[in-house]
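**Student:** I'd like to ask some things about the structure below.
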Amino acid sequence: MWQSIKIANFVVVTAMLLFHGCSIYVSTTSKELKKNRFLVLSMYLSLSDSALGLEFIYHNILVFMNSQGVTFQYQCLMIVHLAGGTIMSSLIQTLLICIERLNATFTIQKDILVFVCSNKGVLLYFILSHCIALLRFGMATVDGPVPCDPKNTATTILLFSHDIPCLCIVVAIISCYGVVVYRMIRLQNFLQASSMTESQVAKKKANAIRTRRNAVTLGLIIAVSLVAVLPRSMLAFYFYMGNTSAITGTLIMIINNFFILLNPVLDPVIYVLRIKKYRQYLRCKCLKKNAVSDLTNSTAVS
């Protein structure tokens, strides 16, 4: 059963890498999109999610090799902890996108929020989350190598150093986006209460559209984040309490291979593909490639 789940996991990860590859390609080749801080942070999120996909693929390879050697078992253990660090990094990237949206609601952007969402900050959080993962791996090696068993991902160390912090980050994401929507609704009501010029009426309509979009984004982020993180945290805590039944191990195996991937798979849809200008750039890139391909084929035929 585990190998069947891993095959399905490989298919999902491959599709995820394809989505993020398109997102990164368009973001890096468009000068106009590079100026949008929201899309730059979304590109960093895609890079983090892509790293998670590569870690899943490597772990699948180790599982299919099914070696009982100590070296393979240590590699499997290390990949599990590194993947946990990448998942935490992706959640932090999502929180940074929320903070950037919050900063955009202020007339004058806050320097502290700009610094938190800066490129240096992104790199720092990525390194820090993986340093925690490596430290956790070092602590796990004290007891010696363990087989690539899905139950080994629901340990006490992972519960307190990964699952609970990730749950706290999800709560911070929900809270931050709640504040963003509240501030935009408050600004919209303020403009409605005052006597408005034509430009202010146009601004009010734009704010109303933006509020609706943020509300949709908020709902998607809350739903996906909770489905991806909450079941894993609850089952890890359930496992920690001493309930080691077979169904618990099976559920942890499914959650580790599918539920956790919901965030990285849907990130391009939530943050990038919903942006009209991005879709236009992606369409232009695809049409341009098709035109070049058709021209090459017609030249070869003639």
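Cβ atoms here come from the backbone N, Cα and C positions, even for glycine.
According to TrEMBL:
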DOMAIN    8-271  domain 'G-protein coupled receptors family 1 profile'
TRANSMEM  6-26  transmembrane segment
TRANSMEM  38-58  transmembrane segment
TRANSMEM  78-100  transmembrane segment
TRANSMEM  112-137  transmembrane segment
TRANSMEM  157-182  transmembrane segment
TRANSMEM  215-240  transmembrane segment
TRANSMEM  246-273  transmembrane segment
**Student:** Which sequence-distant residues neighbour the transmembrane segment (78-100)? Criterion: at least 6 residues beyond either end, Cβ under 8 Å.
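**Tutor:** Answer is 37-38, 41-42, 44-45, 48-49, 51-52, 55-56, 58-59, 62, 113, 116-117, 121-122, 125-126, 129-134, 136-137, 140, 152-153, 158, 162, 165-166, 169-170, 172-173, 176-177, 180, 221, 225, 229, 260, 263-264, 267, 271.
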**Student:** Mind checking which residues reach the transmembrane segment (157-182)? Cβ under 8 Å, same chain, six or more beyond either end.
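**Tutor:** 81, 84, 87-88, 91-92, 94-95, 98-99, 101-102, 105, 132, 136, 139-140, 211, 214-215, 217-218, 221-222, 225-226, 229-230, 232-233, 236-237, 240.
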**Student:** Taking a Cβ cut-off under 8 Å, which residues six or more beyond the ends of the transmembrane segment (6-26) line up next to it in the same chain?
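**Tutor:** Sequence-distant neighbours of the transmembrane segment (6-26): 33, 42-43, 46-47, 49-50, 53-54, 56-57, 60, 63-64, 257-258, 261, 264-265, 267-269, 272, 278, 281-282, 285.
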**Student:** Could you tell me the mean pLDDT over the domain 'G-protein coupled receptors family 1 profile' (8-271), as a whole number?
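**Tutor:** 81, rounded to a whole number.
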